[in-house]
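Asks: Take this structure, written in structure tokens, and hold onto it; I'll ask about it next.
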Amino acid sequence: MPELLVFPAQTDLHEHPLYRAGHLILQDRASCLPAMLLDPRQAPMSWMPVPPQAIKTSHLAALLKNQGKIFAFDLDARRLASMATLLAWAGVSCCELAEEDFLAVSPLDPRYREVHYVLLDPSCSGSGMPSRQLEEPGAGTPSPVRLHALAGFQQRALCHALTFPSLQRLVYSMCSLCQEENEDMVQDALQQNPGAFRLAPALPARPHRGLSTFPGAEHCLRASPKTTLSGGFFVAVIERVEMPTSASQAKASAPERTPSPAPKRKKRAKSCSRCLHTALHIAEAPGSLLPGGKGRCLSSPWKTLGPHRRQQFAF
């Protein structure tokens, strides 16, 4: 990740002038993975981080070079106002904030029909966050009741995100170490959409993979304080399965039909063929990503956001 600077774990840069000026932002290295794995540099399309988080949204905007469109939703007006302030401080101008419930957003809404990428980071137990475990003893092992409630919301959010018609790639991320919130959620979503989506290998060179709970779980990625010297994190990259890219391919896979001799019927069939060709042509969005280093890191994504920003600094 060339936009990141890595520092020793105990480095305190909160008072550094570059940080205070908005040129740099403190971020756990593992939390940088979702935006990178979404691979937004492929094309300036429409993006949707759910729920909106200033750090991850800013990272997306930087990778997009402030192009395209990012939609972010939150029902809490105060959180949205705070996020708007932070995004403005970072120089982000391609994000549109909406005080809406993501689960109530219609995938057929003209505003969101062309959303191609979704970064889904719903509420979770936070069992992978070392700071929470220090502040709340026992936070690393949430109760079954709380896990069940969280998993229900995560399942609804993930399944809803997969219904957007133009979706090409979704990154599901959790700052949790619990299988119920991680591998189980991904397996359930794939089972509910058989043949429509698949897991893409996330940084296959990295040794720390998803738990072997279902075939393909090794494509998921895990991080933890013990294994990667970072916060605990889970990431899965879900891609839409490619459909035929031409009307002839689609016709070959469809049941054979006897054409009608009526001229009008022939004309309608030709028109439908053109529509089918357009609907089935889906652009690929392959990713080529490299693992980061060890330790705490400082993200400097805003160097690409405007002429008033500075280049990346090393210490």
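Positions of Cβ are set from backbone N, Cα and C atoms, glycine also.
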Asks: Looking at the candidate ranges 195-219, 245-269, report the one that Swiss-Prot labels region 'Disordered'.
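Replies: It is 245-269 that Swiss-Prot annotates as region 'Disordered'.
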Asks: Roughly how many Å lie between the Cα atoms of A54 (S-adenosyl-L-methionine binding site) and C175 (active site, nucleophile), rounded to a whole value?
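Replies: Cα to Cα, A54 (S-adenosyl-L-methionine binding site) and C175 (active site, nucleophile) are separated by 16 Å.
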Asks: Give me the CA-CA distance between R79 (S-adenosyl-L-methionine binding site) and C175 (active site, nucleophile), in Å, as a whole number.
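Replies: Approximately 20 Å lies between the Cα of R79 (S-adenosyl-L-methionine binding site) and that of C175 (active site, nucleophile).
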Asks: Sort C175 (active site, nucleophile) into helix, strand or coil using the DSSP assignment.
Replies: coil
Asks: Across all the protein chains here, work out how many other Cβ atoms are within 10 Å of the Cβ of C175 (active site, nucleophile).
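Replies: Around the Cβ of C175 (active site, nucleophile), 21 other Cβ atoms lie within 10 Å.
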Asks: Out of K56, R79, which of these binding-site residues shows the lowest number of other CB atoms within 10 Å of its CB?
Replies: R79
Asks: Quick one: pull the CA-CA distance for C175 (active site, nucleophile) versus K56 (S-adenosyl-L-methionine binding site), whole Å only.
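Replies: Checking the Cα atoms of C175 (active site, nucleophile) and K56 (S-adenosyl-L-methionine binding site) gives a distance of 13 Å.
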